[in-house]
Amino acid sequence: KSFSSVNLFLSIYRFQACIYFASVFQAMSCGIHYLASVFMAVTPNFVCGIPGNVSSVLFYNSSESSIEDIWTLWTSTENYIVVQLENGEIWELNQCSRSKREVSLGLEYEYKGNKSIFSCSDGFLYDDTKWRSTVVTQWDLVCDREWLAKLIQPTFMLGVLIGAVIFGDIADRLGRQRVIWFTSAGQFVFGIAVAFTFDYYSFVIVRFLLAMVSSGYLVVAFVYVTEFVGIKARTWASMHVHAFFAVGIMIVALVGFLVRTWWVYQIFLSIATLPFVLCCWMLPETPFWLLSEERYEDAQKVINIMARWNKVSTPCKVSELCSVQQDDLVSGTTGENDTSSTKKHNILDLFCNWHIARRTITVWLIWFTGSLGYYVFSLSSVSLGGNEYLNLFLIGAVELPCYIIACIGMDKLGRRNTLIPFLILSALICVLIMFIPQDFNILIILANMAGKFSIGVAFGLIYLYTAELYPTIVRSLAVGSGSMMCRVGSVVAPFCVYLRSVWIFMPLLLVGIMALLSGILTIMLPETLGKPLTNTLVEATELGRNKKSCSEKSPAHSGAALEKIEMFGQEIVSTDK
């Protein structure tokens, strides 16, 4: 049934199919920029710079003529290199300091005599065998400036959080089309600008702006395609926006493998989706937003275009849609819960009683855990050993089947019954990885792919599940607050990855604990598969507590108008802002 829905969408709704694939194509750039720093901000091996020309180099028992020949032997940050200068001085080069031997009896690795310790005032020498240049080597973000390098990804994710809030609100006020245009162009402009920043602080600021427009596009693109795609294919269409994001991660791995200079790498990543930027101005505004703004003539024009593309001879009239909405408003005012629909709602309504409060805490925890686990597995992939480019590519590729499994599971088993096992499975995989010997690289990589797969399923379906758990009057508020917790998780994830320096398994331990706790709490959530959406908090509270849903009292739509609007892949819904 699910696959037939997708086929129906592709074969009948040609207009929506073109809009969908054009819009989600640009979602690849979001995946690109979100994960670009894994190679752009990598820290290679390094030692202090030297105050003169080198005549010979010694590393344990290996003697070379240049420091570049030593990097293949470098195994630990505790190592140091002994160099003899042309003037006869002998220096020991550590990562964050250097020492001059007072007595130069000969070039030996071990020395028991007096030394004079100096800071790295002559800069640093970096291993450029893998990366010719990174932002770390560009601005010496090591030693006492290392914390600046560790802020690159968290500040980007902070921009993601702020951008989602700002552009989501702007899209409701000015329209989806304008925000799509602006954020698409912004990703290209700011992406190119990052490559030409002149210092660390300008780099972080431009990346912050890039994060805002990338997040803004992703949020608005979800709304945009949802308002164009018919209800029969909506679950698959919304879920597979994530799949294009994963393709962006795979592109990062490919470009990182081919280009080893950070600013050239950034330019190539930024032009990857240039074709969409050049043609995004052709995308129309959604009829839903036009109707909500009472721009009926513009809405009718879009509907007529959809009719021509979909070869429908009798397009529906805006007047019919308006009459359906008016009927809904009239019937809605006669209900016993009419006062709640006009009440202004806020975040406190998500904690109006114990049942809703417990549901909100659980949903927020799932959003946070899904985002935390998603980015911990993604960002850690380059540190698993073996080929870091292949690792990241596989971590991105494993997402593609996970969203198919999520869609099938949601339709066949239910939302909760799919979410629980995959959350608990991801926790078990985190524990399993801790017991795999470190020299079993292939097994470790496969286990991490399995972890990313399981957390990806949970992360993908929570969007739809959250919308179904809450009534119409606070549905947008619930999804928006959950998305905010998701952004918080993405900000925390880089710091969690940095805990590998404390204990290599610390990030996995934290993700495993959060996933297990989320899986256990999800047991208390109601199943929403096959149940109508609720309209009031009373109905939402009763959801799952009895077999007969209170939402059966909700007013029905006009059948004739619905049949016509479904020809274009639409449905009449309430607009929550």
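Each residue, glycine too, has its Cβ placed from N, Cα and C.
Keep in mind that this is a model prediction, so the values were computed, not measured.
Pulled from TrEMBL:
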| type | residues | note |
| --- | --- | --- |
| DOMAIN | 72-530 | domain 'Major facilitator superfamily (MFS) profile' |
| TRANSMEM | 12-36 | transmembrane segment |
| TRANSMEM | 147-167 | transmembrane segment |
| TRANSMEM | 179-198 | transmembrane segment |
| TRANSMEM | 204-225 | transmembrane segment |
| TRANSMEM | 237-257 | transmembrane segment |
| TRANSMEM | 263-283 | transmembrane segment |
| TRANSMEM | 361-377 | transmembrane segment |
| TRANSMEM | 389-406 | transmembrane segment |
| TRANSMEM | 418-436 | transmembrane segment |
| TRANSMEM | 442-465 | transmembrane segment |
| TRANSMEM | 477-497 | transmembrane segment |
| TRANSMEM | 503-525 | transmembrane segment |
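Distant neighbours of the transmembrane segment (12-36): 156, 160, 180, 184, 187, 191, 210-211, 214-215, 217-218, 221, 224-225, 228-230, 233, 237, 240-241, 244-249, 251-252, 265-266, 269-270, 272-273, 275-277, 279-280, 283-284, 305-306, 309-311, 378-379, 392, 396, 568-569; these residues of the same chain sit at least 6 beyond its ends, with a Cβ under 8 Å from one of its Cβ atoms.
Long-range contacts of the transmembrane segment (418-436) within the same chain, counting only residues at least 6 positions beyond its ends with a Cβ under 8 Å from a Cβ of the stretch, are 366, 369, 373, 406, 409-410, 443-444, 447-448, 450-451, 454-455, 457-458, 461-462, 465, 505, 508-509, 511-513, 515-516, 518-520, 522-523.
Where the transmembrane segment (179-198) meets the stretches 237-257, 263-283, 389-406, the count of C-beta pairs under 8 angstroms peaks at 263-283. Taking residue pairs at least 6 apart in sequence, the transmembrane segment (442-465) and the transmembrane segment (147-167) share fewer than three C-beta contacts under 8 angstroms.
237-257 is the stretch from 204-225, 237-257, 442-465, 477-497 with the greatest number of Cβ pairs below 8 Å to the transmembrane segment (263-283).
Proximity of distant same-chain residues to the transmembrane segment (237-257), defined by a Cβ-Cβ separation under 8 Å and at least 6 residues beyond the stretch ends, is recorded for 9, 20, 24-25, 27-36, 38-39, 218, 221-222, 225-226, 229, 265, 268-269, 272, 378, 389-393, 395-397, 399-400, 403, 406-407, 456, 459-461, 463-464. The domain 'Major facilitator superfamily (MFS) profile' (72-530) scores a mean pLDDT of 85 in the predicted structure.
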